[in-house]
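S.K.: Reproduced below are the annotations present in Swiss-Prot:
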{"type": "DISULFID", "residues": "CYS92-CYS125", "note": "disulfide bond"}
{"type": "DISULFID", "residues": "CYS255-CYS264", "note": "disulfide bond"}
{"type": "DOMAIN", "residues": "255-308", "note": "domain 'Laminin EGF-like 1'"}
{"type": "DISULFID", "residues": "CYS257-CYS274", "note": "disulfide bond"}
{"type": "DISULFID", "residues": "CYS276-CYS285", "note": "disulfide bond"}
{"type": "DISULFID", "residues": "CYS288-CYS308", "note": "disulfide bond"}
{"type": "DOMAIN", "residues": "311-371", "note": "domain 'Laminin EGF-like 2'"}
{"type": "DISULFID", "residues": "CYS341-CYS350", "note": "disulfide bond"}
{"type": "DISULFID", "residues": "CYS353-CYS371", "note": "disulfide bond"}
{"type": "DISULFID", "residues": "CYS374-CYS386", "note": "disulfide bond"}
{"type": "DOMAIN", "residues": "374-421", "note": "domain 'Laminin EGF-like 3'"}
{"type": "DISULFID", "residues": "CYS376-CYS393", "note": "disulfide bond"}
{"type": "DISULFID", "residues": "CYS407-CYS421", "note": "disulfide bond"}
{"type": "DISULFID", "residues": "CYS441-CYS514", "note": "disulfide bond"}
{"type": "DOMAIN", "residues": "441-577", "note": "domain 'NTR'"}
{"type": "DISULFID", "residues": "CYS460-CYS577", "note": "disulfide bond"}
Amino acid sequence: MPGWPWGLLLTAGTLFAALSPGPPAPADPCHDEGGAPRGCVPGLVNAALGREVLASSTCGRPATRACDASDPRRAHSPALLTSPGGTASPLCWRSESLPRAPLNVTLTVPLGKAFELVFVSLRFCSAPPASVALLKSQDHGRSWAPLGFFSSHCDLDYGRLPAPANGPAGPGPEALCFPAPLAQPDGSGLLAFSMQDSSPPGLDLDSSPVLQDWVTATDVRVVLTRPSTAGDPRDMEAVVPYSYAATDLQVGGRCKCNGHASRCLLDTQGHLICDCRHGTEGPDCGRCKPFYCDRPWQRATARESHACLACSCNGHARRCRFNMELYRLSGRRSGGVCLNCRHNTAGRHCHYCREGFYRDPGRALSDRRACRACDCHPVGAAGKTCNQTTGQCPCKDGVTGLTCNRCAPGFQQSRSPVAPCVKTPIPGPTEDSSPVQPQDCDSHCKPARGSYRISLKKFCKKDYAVQVAVGARGEARGAWTRFPVAVLAVFRSGEERARRGSSALWVPAGDAACGCPRLLPGRRYLLLGGGPGAAAGGAGGRGPGLIAARGSLVLPWRDAWTRRLRRLQRRERRGRCSAA
């Protein structure tokens, strides 16, 4: 963005030169050749040109011989102050003939919107006043603040000392009192005020909010308070009746757009507004557009565009909000949070699929169909959510498939919605093949009854403690019955280490025939017993696996035991079994 455009313009020629068009502007002043945003400002214009001037006094009502408001040839209306003709017009605005003091007349120019002022000038058609005050408003005329004063007697008119030659003594700009305009040889005079004269040297507009506020105005007012007199400045009776006359009121400035626009336009209602760029909006480009709030709004400078950034929502949201805490945590890079993510997405950036959907790896994240429904089977799946990456639904025991829609190998469909797939049954031993008859069962085993507490001493006496799931009915193998099992967890193992995975549980045939232990397919059990079996071809046809013989304990599994067994396992590893 160009540096601060100071210019103290003292003659009509220099005023015209400042407002004349310069070299051709680039195609898009708000972006460089590569399309990157950069700070930009509208050109310097006469903000008062063609604007209505509100004068507190104008001659012609009632009509006189020299001034008649109803006759265009003899009218001296305030419109002559800002007409496009400027100094070329032979007519001047003229106040009424003021018969007595105070001889105050005000000229107010509403600019239509906020401008950043550079200068104010006014040409007088008669001897210039000896006392003039310049005021500005930032709220369209509701309140006023002084810009500067011009007087031949600053202390008398405004109670101020004359302006020092090197500008304000303080750190910021202030309204100073300058010498009154001098009369020209032709009897006219020129009031020329530069905003630079009221500001300390070296103050940069880009980095000084105080200076930005100082030069901002929506209205400018010129107050003519005392005509020029040859004698005592307090003796107004010597000049009455008196009439002020002036023309060519100029307010040089730039449309205030905070560095985010290179021009101002009229909206549909005829109001002057900035043609905002960089994702900004508003009459002065003073805020970010609704979806451009990934970082807070800032005024553009010559070094940094501070463009408002669109929220990163991957095309799945139309609204977002700014979160300062997230912005700080990101190193002041991003603070946007997407709202109402569409297309089954979720997250701050709509970057993952919502519950019940998963990412389609064959589509881009910005694709409207990037998230596919899990479509988990209502009976075979244990829930409606699936893995966000693979789409795999959580299946019930014995169920398989991406959507849990079929039974796993070795399982068959049941009529139960709780357990839709059960283990395919394997024929067990018959009475003819069993060496023990039911009436002999009491001599073989007594099933465990009631509650059972697992103490450290009992835990340490067993060669192994494992959780198993029975896969099918037992199969007779000589003096033994073999049950296919899956070892789900190992809490203690013997010399030949028990391992998780598929295995076999060997039960003496006599005990198995009496239902001791009673092992049902699809159920889980806690097995506390002897060590791992011998190699294949062992006694009585027993193969490798686990043994549930006399001295072993088989209990229906309870989930509450897991924590207790893990605690006993840790105590064993610390050597507590030796003490027990």
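Note that Cβ sites are derived from N, Cα and C of the backbone, with glycine treated the same way.
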S.K.: With DSSP helix as H/G/I and strand as E/B, how many residues of the domain 'Laminin EGF-like 1' (255-308) fall in helix, strand and coil?
M.R.: 0 helix, 12 strand, 42 coil
S.K.: Average the per-residue pLDDT over the domain 'Laminin EGF-like 1' (255-308) and send me the rounded value.
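M.R.: Mean pLDDT, the domain 'Laminin EGF-like 1' (255-308): 94.
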S.K.: Of the disulfide-bonded residues CYS285, CYS341, CYS460, which one sits closest to CYS371 (disulfide bond) when you measure Cα to Cα?
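M.R.: Given the candidates CYS285, CYS341, CYS460, the nearest one is CYS341.
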S.K.: Could you count the residues of the domain 'Laminin EGF-like 2' (311-371) that DSSP puts in helix, in strand and in coil?
M.R.: 6 helix, 16 strand, 39 coil
S.K.: Out of CYS125, CYS257, CYS341, CYS386, which of these disulfide-bonded residues is nearest CYS421 (disulfide bond) by C-alpha distance?
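M.R.: For CYS421 (disulfide bond), the closest Cα among CYS125, CYS257, CYS341, CYS386 is found at CYS386.
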S.K.: For CYS374 (disulfide bond), what is the secondary structure by DSSP, using just helix, strand and coil?
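M.R.: Reduced to three states, the DSSP call for CYS374 (disulfide bond) is coil.
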S.K.: Could you put numbers on the helix, strand and coil content of the domain 'NTR' (441-577), residue by residue per DSSP?
M.R.: 32 helix, 43 strand, 62 coil
S.K.: Measuring Cα to Cα, how many Å separate CYS407 (disulfide bond) from CYS393 (disulfide bond)?
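M.R.: So the Cα of CYS393 (disulfide bond) lies 14 Å away from that of CYS407 (disulfide bond).
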S.K.: Checking the contact step here: among the disulfide-bonded residues CYS257, CYS386, CYS393, which have a Cα within 10 Å of the Cα of CYS285 (disulfide bond)?
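M.R.: Final answer, ordered: CYS257.
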S.K.: How would DSSP class CYS421 (disulfide bond) in three states?
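M.R.: Assignment for CYS421 (disulfide bond) reads strand.
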S.K.: Between CYS255 (disulfide bond) and CYS274 (disulfide bond), what C-alpha distance do you get in Å?
M.R.: 7
